[in-house]
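> TrEMBL lists 23-48, 60-82, 102-125, 146-166, 196-221, 242-265, 271-292 with the feature transmembrane segment. Residues annotated as domain 'G-protein coupled receptors family 1 profile' in TrEMBL: 41-292.
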Amino acid sequence: MPTNGSSKPLLFLLTGFPGLENLYPWIAISISLMYFIAICGNGTILAIIQAEPSLHKPMYLFLAMLAVTDLCLTATTLPSMLRLFWFNSRAVGFGACATQMFFIHSLSCMESGILLAMAFDRFVAISNPLRYPLILTGSRIAKTGLVMLFRGVLFVFPTPLLLRLLRYCRVNTLSHSFCVHQDMMNLACSDRRVNIIYGLFAVLSTFGIDSLLVLLSYVVIVKTVLNIASGEERLRALDTCVSHLCAVLIFYIPLIGLTIVHRFGEHASPLVHILMGFTYVLIPPMLNPIVYSLKITQIRQRILKRLQSRAA
């Protein structure tokens, strides 16, 4: 319920699927299944990489970081979504909503940075394979992970503080079953220019730069591959990039779609906002481990070996 003259509302109301409340139990089951797949898939990836010394290499260490990030994102969105669809409980306090928003955006920023690091990994492995172990050492990989963690926290940290400075006197119903900055900001009736400018700056400084550098990495990779004489070696080199390219598309397409819907979709159907939100928080954590399990032979073999040993 909004307050008059208050810097923040007492409550935000999450949105499920209006008019389909009688189907919420089935929707909750579907969402629970997707979360189960995400948790099991990413957990399996982590367990295999941790247990197999042969997988303690840069590409797999970055993959482990991606799996941890996806698990954290799942843990961030799971409670509010299941509470909404299992119990039709829509109300969430400003503090809880701002906290969830902070973690969602921080983890998304971290995931973008990890995908950039994985692109650099493929660039070095293909363009300069002899120096690959010297460039991507264990300490540098750890430092890269810490930089991505601090970058995510640093860029997102001001947003809850900026939201607290706004005045909320409109209906406080959000567009999704979780909290994001653009959605919360749009409910304010005071001047939002600082929030808009900072939000745009943060997006361009993180996701914008990351996507451009990923694109640049693949331009160089393609040029390098085209200089390889053997057609079979070209295909082998490109095949090592397929899983990463899929992960990039799985992450950036929902992110761009959600951004466009929030900035230019004022007259779009609420269903479009809801579905884009679901795609943004559910699809990457669920599909990333599936893509890597199918495309990376070493991980696929370890999974099959474990399944066979349990069956025996």
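Glycine is treated like the rest: Cβ placed from N, Cα and C.
Because the structure is a prediction, the values reported are computed rather than measured.
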> Sort out for me which stretch, of 102-125, 146-166, 196-221, 242-265, 271-292, has the most Cβ pairs below 8 angstroms to the transmembrane segment (60-82).
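The listed stretch sharing the most Cβ pairs with the transmembrane segment (60-82) is 102-125.
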> Tell me, roughly as an integer, the mean pLDDT over the domain 'G-protein coupled receptors family 1 profile' (41-292).
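So the average pLDDT across the domain 'G-protein coupled receptors family 1 profile' (41-292) works out to 90.
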